[in-house]
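All remarks here apply to the structure that follows.
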């Protein structure tokens, strides 16, 4: 081999070595960069996982944390004269004056002149709201068959009273039973909601105050009008939500001499009764509700997850009343428009309803139709006559009309749903013995295990395959029977 060829071979070998060295160095750099990048990605995944875990923890804390109870001020004043402390209990009577009757009949004539201009579509039943043809029958009964003087006598069949609680005159019906000495008389606070009134309890009161053979107790009934409802005075400033109403109702019972008592409530009456049982548990001997719902965030999330994952398991026997989720959400979306309006602009709709008895009647009638059985909207007559006679419904409407209280009653929505106290109180458990009555068409209802998250001593529940939101008004016998059954369980509870 020549020297030149040998040198070329050496150069080639050197180049190969240089190339291999360069490749090795590049490979090492790539490995280093890839390793650093992999570590960064790993760290990012770890950080993401930590943030996810922390987020889940925050959600868990939010759902399960038991907040502190709000500071209770049992003496806060809500009236105009905050320096007056009148403790008298004054008799009261419902009055339908001749002037009122003349005025309402004149307003009826105004509606009759306009009636033809607001005819509902044919074959739409109540899907657009109150159907004009069905309302014409109701309106005709109001004009020609509703006997104002007879009905006001009926409304005064029980003793009515007023007493000033925290600066507000609070109206209530008080009925004592006639019982032998061996029958224990126990106080029962009955709490109504919207758009109801004390009229809801008129058929149930004699059933509750009459002794029964299988029970060694009977009820003394106290049925107040909530502040701002019917003959109870409305506050003069904002802030009177269901929490503050609970304090007023508790103070009413104290005024009447009761330091311990039973409570029954539905709708807003459920919320107020639940608040009393939460704030003053030692004073409540038992709580009966016909609005069997837990309004906590955990219950809401559980309901939603149950609808997506396993309705029959999460529903725990009442899944047909809670699901399908799609149908329920569509129903709430369509039928809670009134609640949104009343929770934001109650005075706007209140002015309209205060100006016209026909507007007031149709607005309240629509809610009774839907709340009693949501399928009523598909019936031409609205289905109302299947559950109530017209006089009962008109009694309730007339109480709102003669008292001019519809606007102030609507404000309970804005006061209650605008703040956070309702959600906070829903997450505070109460040990007060509780019983739930579930009617088939109740708007919201949860199974017992969800109720026990709030009512730790839920002693039992009753499921009925009929009935709706207004248990006492629609089904007074079933309602009264269940209250007796519940209180018997409360009294036997150790």
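Each residue, glycine too, has its Cβ placed from N, Cα and C.
What TrEMBL says about a protein is an automatic prediction, not a curated fact.
Quick look at what TrEMBL annotates:
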| type | residues | note |
| --- | --- | --- |
| ACT_SITE | 267 | active site, nucleophile |
| ACT_SITE | 413 | active site, proton donor |
| ACT_SITE | 469 | active site, proton acceptor |
| DOMAIN | 89-201 | domain 'Epoxide hydrolase N-terminal' |
| REGION | 1-22 | region 'Disordered' |
| TRANSMEM | 32-60 | transmembrane segment |
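In the domain 'Epoxide hydrolase N-terminal' (89-201), helix, strand and coil residues by DSSP number 46 helix, 27 strand, 40 coil. Taken together, the residues in the domain 'Epoxide hydrolase N-terminal' (89-201) have a mean pLDDT of 94 on the 0 to 100 scale. Around residue 469 (active site, proton acceptor), a 10 Å sphere centred on its CB holds 24 further CB atoms from the protein chains shown.
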